Amino acid sequence: MPALRVLSALDAARIQWYHFKAIIVAGMGLFTDAYDLFCIAPILKMISQIYYPKDSIGTAVLSTSYAIALLGTAMGQLIFGYLGDRVGRRRVYGLCLLIMVFSSFGCGFSVCTTRSCVMASLGFFRFVLGLGIGGDYPLSATIMSEFANKRTRGAFIAAVFSMQGLGILVSSAVTMVVCVAFKSAGEGSSGNNKAAGRETLAPADSDIAWRLILMIGALPAALTFYWRMLMPETARYTALVENNATQAAKDMQRVMSVSMISQVAEDSSLSETQQQPPSSSSYKLFSRRFLSLHGRDLFAASANWFLVDVVFYTSNLLLSNIFSSLNEHTKSTNVYDSAFEVAKLAAIVAACSTIPGYWFTVYFIDKIGRVKIQIMGFFLMAVVYLAVGIPYSWYWANQERSKTKTGFMVLYGLIFFFSNFGPNTTTFIIPAELFPARFRSTCHGISGAAGKFGAIVGTVGFLWATKPDKKNNKNDIVDVKRVRIAFLILGGVCIAGVLVTYFFTRETMGRSLEENEEDEIGSTSAAGSSSANDLLPRQQ
């Protein structure tokens, strides 16, 4: 098959500059994704004091604010993942980026000043933002996997995903800088703000601060657009889906130095003039044949991503809520201080745990393997959750122990370390390696959408399960017993991840992407031979 001969040269290509350029261009999309998804926690702290001065944001509004972008992300993964296989990775890639840019600006350029209108406008634009973010997940993973060689493919995809950790860190840093700047500029100003019929103790400029934080998230995506549009279509999509091996070879020659590619291109061109390339549409998505070949892989990828996102987003987005049970906070009278504290905590965890976890995966993913790292991460996260949850009520939540806060912070950091040096990264990598080229982006989108539904379940469920009792809890501190139960449940979720990974997930380390195509070809050939034999006249 000409296409497979062309791509074997790409699979054996040495590491070169274009690989790193692709990591940066694709990674900036994940950077923007993380910035936009994780800046919402301190922003909601600000909105709470600006638009809800007499009572905090209700659980229904808070959970909706978290879930709306995640719902958009899930839909974006399904829609744009499918389109990535139908019309090409490159075309859809640029569209997703434009959606992220304009919706990020839309989040900040809300013309509303009333509580209900602001929340509705913010919800709408964050849903649209989620669509763009969702599309970026399957396309970034698929594009990087299809440009990489099989020896370092895992490290390259992990490096793209590691930009998410940097996005979380920069999101927190921008929030802190904006808060400090606006607080310094507004010191000495009057507190009351009765514009548009609302009364709040927050400074008038604070209504601009949170909008600025959101709009800054558009800059990385906007700066990336030019270079993203210069990327050619991936050779694997061109050769295997569009059945144009000659064009695939030309595209590779344009951006990479691949040995023997000129001769391969000539051979491919000659082969294509002599015979029509075989059709790649031997069966359809979710057909009986697809499920027999890839159903187990799709289930494993989706289930594992669902489970890890229940844990990861619950712990990350609700970081401040979990820590509030360890401290008897009095509500800050300063809108900037409350957001600053949330952002500072997220920055510490990102710098000390999240980012190191990503880069441990980059280094070890092609040495240890995806499955072992995923099992290890799930297992050690379960151990930490149980270590926190079992003695939580009588030890970790003890306000009189000063050392418990430091110990809890260390354990909480280990959760994020082993999440990223574990299933949070590997669930992004594996779906980009398991499926044939014509289904790769779609199946990655399905797996990722399952993960985002898990994030919604975990985030919304945690908010409602730990909802403070207003009658007996004037300071809105989450109930200690409920937090303990939540930790134990999260530990159980991680154990489920160990089992799903062990029994259902296949190792992809060192496996060429073209083996997916060869499995199909071999199966098709066998079926074709059987059919041909059936048509031969039987000897009497």
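Including glycine, each Cβ sits where the backbone N, Cα and C put it.
Here is what TrEMBL says about this protein:
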type	residues	note
COMPBIAS	522-532	compositional bias 'Low complexity'
DOMAIN	22-509	domain 'Major facilitator superfamily (MFS) profile'
REGION	514-540	region 'Disordered'
TRANSMEM	20-44	transmembrane segment
TRANSMEM	56-80	transmembrane segment
TRANSMEM	92-111	transmembrane segment
TRANSMEM	123-144	transmembrane segment
TRANSMEM	156-183	transmembrane segment
TRANSMEM	208-227	transmembrane segment
TRANSMEM	343-365	transmembrane segment
TRANSMEM	377-397	transmembrane segment
TRANSMEM	409-430	transmembrane segment
TRANSMEM	442-465	transmembrane segment
TRANSMEM	485-504	transmembrane segment
Confidence summary for the domain 'Major facilitator superfamily (MFS) profile' (22-509), mean pLDDT rounded: 85
The transmembrane segment (442-465) and the transmembrane segment (208-227) contact flag, 3+ Cβ pairs under 8 angstroms: no
Which of 92-111, 123-144, 377-397, 409-430 contacts the transmembrane segment (56-80) most, counting Cβ pairs under 8 Å: 123-144
Contacting positions for the transmembrane segment (156-183) when only residues 6+ beyond its ends and CB under 8 Å are counted: 19, 22-23, 26-28, 30-36, 38-39, 42-43, 140-141, 144-145, 147-148, 203, 205-206, 208-209, 212-213, 216-217, 220, 316, 334, 336-337, 339-340, 342-344, 346-347, 350-351, 354-355, 357-359, 361-362, 365, 420, 425, 428-429, 432
Residues of the parent chain within Cβ reach of the transmembrane segment (92-111), under 8 Å, 6 or more residues beyond its termini: 29, 32-33, 36, 76, 80, 83-84, 117-118, 121-122, 125-126, 128-129, 131-133, 135-136, 139, 143, 211-215, 217-218, 221-222, 224-225, 228-229, 231
Long-range Cβ neighbours of the transmembrane segment (409-430) (under 8 Å; 6 or more residues past either end): 137, 141, 145, 154, 157-158, 161-162, 165, 301, 304-305, 307-308, 311-312, 315-316, 322-323, 348-350, 352-358, 360-361, 364-365, 370-371, 373-374, 376-378, 380-381, 384-385, 387-388, 447-448, 451, 497, 501, 505, 508
